[in-house]
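K.L.:
Marked as region 'Carboxyphosphate synthetic domain' by Swiss-Prot on the basis of sequence analysis: 1-401. The domain 'ATP-grasp 1' annotation in Swiss-Prot covers 133-327, and the record cites sequence analysis as its basis. Feature annotation from Swiss-Prot assigns Mn(2+) 1 binding site to Gln284, Glu298; the stated evidence is sequence analysis. Annotation source Swiss-Prot lists Mg(2+) 2 binding site at Glu298, Asn300, citing sequence analysis. Positions annotated as region 'Oligomerization domain' by Swiss-Prot: 402-546. Look at Swiss-Prot and you will find 547-929 tagged as region 'Carbamoyl phosphate synthetic domain'. Per Swiss-Prot, the feature domain 'ATP-grasp 2' maps to 671-861. The ATP 2 binding site feature in Swiss-Prot is assigned to Arg707, Arg746, Val748, Glu752, Gly777, Val778, His779, Ser780, Gln820, Glu832; the stated evidence is sequence analysis. Under the heading Mn(2+) 4 binding site, Swiss-Prot lists Glu832, Asn834, citing sequence analysis as support. The feature region 'Allosteric domain' is assigned by Swiss-Prot to 930-1070.
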Amino acid sequence: MPKRDDIKTILVIGSGPIVIGQAAEFDYAGTQACLSLKEEGYRVVLVNSNPATIMTDAEMADKVYIEPITLDFVSRIIRKERPDAILPTLGGQTGLNMAMELSAAGILDECNVEVLGTDLTAIKKAEDREAFRDLMNELGEPVPESDIIHNLDEAYTFVERIGYPVIVRPAYTLGGSGGGICHNEQELIETVTSGLKLSPVTQCLLEKSIAGFKEVEYEVMRDANNNAMVVCNMENIDPVGIHTGDSIVVAPSQTLSDREYQLLRDVSLKIIRALEIEGGCNVQLALDPDSYNYYVIEVNPRVSRSSALASKATGYPIAKLAAKIAVGLTLDEVRNPVTGTTFAHFEPTLDYVVAKIPRFAFDKFEQADRRLGTQMKATGEVMAIGRSWEEALLKAVRSLEIGADHLLLEEAENADEATLERKICFPEDDRLFFLAAALRRGQTIEQLHAKTKIDLFFLYKLSKTIELENRIKENPQNQEILAEAKRAGFSDAFLATCWNVDEQAIYDLRKAQNLFPVYKMVDTCAAEFESTTPYFYSTYEEENESTRSAKESVIVLGSGPIRIGQGVEFDYATVHSVWAIQQAGYEAIIINNNPETVSTDFSISDKLYFEPLTLEDVMHVIEIEQPLGVVVQFGGQTAINLADGLAKRGVKILGTSLEDTDRAENRDAFEKALGILQIPQPAGKTATSVEEAINVATDIGYPVLVRPSYVLGGRAMEIVESEEALKHYMTNAVKVNPKHPVLVDRYVSGQEVEVDAISDGENVLIPGIMEHIERAGVHSGDSIAVYPAQRLSSQVKNTIVDYTTRLATGLNIIGMLNIQYVVDGEEVFVIEVNPRSSRTAPFLSKITEIPMANVATRVILGENLIDLGYTPGLAPEKQEIFVKVPVFSFAKLRSVDTSLGPEMKSTGEVMGKDVTLEKALYKGFVASGTTMHDYGTVLLTVADRDKEEAVELAKRFNRIGFTIMATKGTASTLEEADIPVSQVKKIGENQETLIDYIRNGQVTLVVNTLTTGKRPERDGFQIRRESVENGIPVCTSLDTAEAILRVLESRSFELESMNTSEVKQPKARV
């Protein structure tokens, strides 16, 4: 079938901000789709609210709208651009839900817009739990016994019939949001209430729990001619009951017999044909390990997280081909871009094993509930490829960057028996390490299988790894065992620990017997056809398939798995750096291990190595490629942390030298540099013991800001207001010693300002100055950033430009740097300098039209800013206002405090752009998911220090028609200021409390600032959690509340009675 010529313009809907359950995989899918459609000659219009994505670059579509993905804004874009069709299946759950909303509102009919890929009927059949169950019954495919419920009474009726445990699956939600396994009535009430609130159609499926079955996924494709094929099948190591996004996954499946594989394959193809999906689809199935019985769990009628994994695991570009199928091309017409000779209907064949391990943010959220279930909690994932499951697993473990280079975690090894049993029987994010610890203590694989239902095959493989560990320890420096260990995926670092030598000694041992990895090609066809894919993985075999080209090359280190503090922004910079290297005439090589990202699309670079970002693994690639140098500025702290080890092995680090990087990151060296440059910073010192920290704090005065040196995302950073609190921090939050000092600074409660700059060593370009809405003390990644700065005087701006220029040249920066300042009146203090790319670089690149990573890379390669066409100094400011608003995933992480502070908590961001600050903020808030009510009730409960400021906010809320509700202390303050207020009871009082009002939907906005003391802290935490779980916006900073208020005021109107009166009535606004 030829591609369709009756459509000219296609609207692609993106997935919006990064949240748990919907991450960088949709930037990868959307980028592929836009390029694929443009390749076919279509005019592409894109809407996405996330500025930190490659897909929102101007080159990716004919028209790019960085606007909220809401019915209002997408309808406006459709009416303006008049697309012939929309493609929603590459924008995750956001894209599907938006297509359904547009249809329900009549916009698609009104503007005569066709839905491509998966039609609305198929979306409804797959996403609506009742329609899906009915379809499976029609097809004769088994689903677990279930019922559709719309309220708690219906849930009780179902449970009375089949008993506990039951699984709750809300309709039209992402990453299992609101769902879970319920073992008792209390869990049922909590989960069903949450699920019904989060489901856009107030619908949940309750089903009999089949926890313990094997969970298997099939990634399938279908075209308009009803050709269908399996791209990849994947097996979850964890059985049914844990969300697939939180499971360790292996591809291809390892424990299915041929009969089981074919049985489930046939079911998957039958389902995609029944749904008449044109494109990609993910089918999840549960298989009884003791029989051939199976159930269909669910179908994602779109490109998904698993699609990205399947694409990277096989090399088969699912999103690219799904876009071509959506416009009428068929699988037997489209060439497989991997081989260039075969067609897309050939099913990929793997002669290697792929392991995926999820990455969690529990290092940031120590109080979070780490228990895994049907609601996803991982922020990202890593993938590794090997010739065996053991090798792939161990490579994936060391890719996680959790301080483990092997299946060995200190907490697991030192756990008492009760903790060990709990961690094995009730799975958390680190269960893999506790399984290894149990095997070391002598538990059998049969015992572990009985407790976990993990297949004996995987437990057997783990036990063989532990057995090999023991032989390694018993035979120090034995060459045969060394070779066996390397083939099994063991790292030099772990072997060095076993033999009590350093890593270099292990390397020398390997060198003596020429024991080095070779690189194999990912070619989709197990070498059956000739392939030229520049996509490689390492393994210890004989034949090497990666050969160095004659062209000079540059290696760019990626940023690894997405986590809080190091997100998709760094992948954005990595991709742009690669393109700049290619433009400069060099071969660009990427090393990375994240299957979700654009950077690990093999078509982006000249060569892709899918490898752990450890010194050993990176050095192996360097030895074979012999690059001109390595770029570390764009891979976040992951890449920066490797720089020292690489330099010591003679590798040239391109850009800012190691010594100068250390001067920026090492506190004492940085203080000396600031002294020489005569740039002020808040008073502070480095402490290497608890006593020293107390002395420093006493000298400079409380409150103080404390943080460990060399961190990203403000990990373990805190504002401390007393000696008691400081002692608690020093003994609980950090392990302080001379090798790991802690920084103690005077806390300046001023206005925070952020600057990204590029330096060529002589000239410094400053694309823009951003101010934060929230005052200093809230992490920059969690603050609302505004460009151009609205509240800074010309004098302050000139000072910032002067300090930035002095810092860049004084620290000998070559490439990018990010500086954070605090402004107190007209005084400017530098807080920190990061000699690398930052999370604001994509945002600033988009709005200033200065491609920062590209320009910085050209500078790193030796060019200067003036020759590249840039004038040093501050770039001319834009007339429009741009805001970057953080997005949080608190609804997925129960028990996490939503209050903002120096430790970063946001998972993503959105952009708002308009002619006024209020309009830009409105777009930003709406795009972030904040519900903006024009009237309602504001609950105020604030700390004593904030009460005076809260009075002014309450007056303004009252003036535009909001009702004010407050707890006793805050209410008294408001009453004294003659502000009408309803006093509500605190938590624990016998009558109806503020929690009841929140749960009953009587509150539209909560403003709650942190109060010290155990009881107020506990109450504040409960208020904030209840607000999040009931979908109510909660502000823990008065600055954020004021920003929301500004927006609401801008949307209100003056209302004044025309009656004349001797007593002049105050104006009211609503």
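A Cβ is built for glycine as well, from the same backbone N, Cα and C atoms used for every other residue.
Mind mapping these onto the model and telling me what they sit next to?
P.N.:
Glu298 (Mn(2+) 1 binding site) counts 17 other C-beta atoms within 10 Å of its own C-beta, drawing on all protein chains shown.
Long-range Cβ neighbours of Asn300 (Mg(2+) 2 binding site) (same chain, at least 6 residues apart, Cβ-Cβ under 8 Å): Ala126, Cys281, Asn282, Gln284, Ser306.
Averaged over the region 'Carbamoyl phosphate synthetic domain' (547-929), the predicted model has a pLDDT of 92.
For Gly777 (ATP 2 binding site), the same-chain residues that are 6 or more apart in sequence and have a Cβ closer than 8 Å to its Cβ are Leu705, Ile719, Tyr747, Ser749, Gly901, Pro902.
For Glu832 (Mn(2+) 4 binding site), the number of other Cβ atoms no farther than 10 Å from its own Cβ, over all displayed protein chains, is 17.
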K.L.:
Rounded to a whole angstrom, what is the C-alpha distance between Val748 (ATP 2 binding site) and Glu832 (Mn(2+) 4 binding site)?
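P.N.:
With the alpha carbons as reference points, the distance is 13 Å.
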K.L.:
Find the one among the binding-site residues Arg707, His779, Glu832 whose C-alpha lies closest to that of Glu298 (Mn(2+) 1 binding site).
P.N.:
His779
K.L.:
Which ones, of the binding-site residues Arg707, His779, Gln820, have a Cα no more than 10 Å from the Cα of Asn834 (Mn(2+) 4 binding site)?
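P.N.:
Final answer, ordered: Gln820.
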K.L.:
Let me know how many other Cβ atoms fall within 10 Å of the Cβ of Asn834 (Mn(2+) 4 binding site).
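P.N.:
Step by step: centre on the Cβ of Asn834 (Mn(2+) 4 binding site), count other Cβ atoms within 10 Å, giving 21.
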K.L.:
Test of understanding: give the count of other CB atoms lying within 10 angstroms of the CB of Val748 (ATP 2 binding site).
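P.N.:
Cβ-Cβ neighbours of Val748 (ATP 2 binding site) within 10 Å number 21.
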K.L.:
Count up the helix, strand and coil residues in the region 'Oligomerization domain' (402-546) according to DSSP, in that order.
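P.N.:
Helix, strand and coil residues of the region 'Oligomerization domain' (402-546) number 77 helix, 11 strand, 57 coil.
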K.L.:
Quick one: of Arg707, His779, Gln820, which binding-site residues lie within 10 angstroms of Glu832 (Mn(2+) 4 binding site), measuring between C-alpha atoms? Sequence order, please.
P.N.:
Gln820
K.L.:
How many of the residues that make up the region 'Allosteric domain' (930-1070) does DSSP mark as helix, as strand and as coil?
P.N.:
60 helix, 23 strand, 58 coil
K.L.:
Over all pairs in Arg707, Arg746, Val748, Glu752, Gly777, Val778, His779, Ser780, Gln820, Glu832, the listed ATP 2 binding residues, work out the largest Cα-Cα distance in Å.
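P.N.:
Those residues reach a largest Cα separation of 18 Å.
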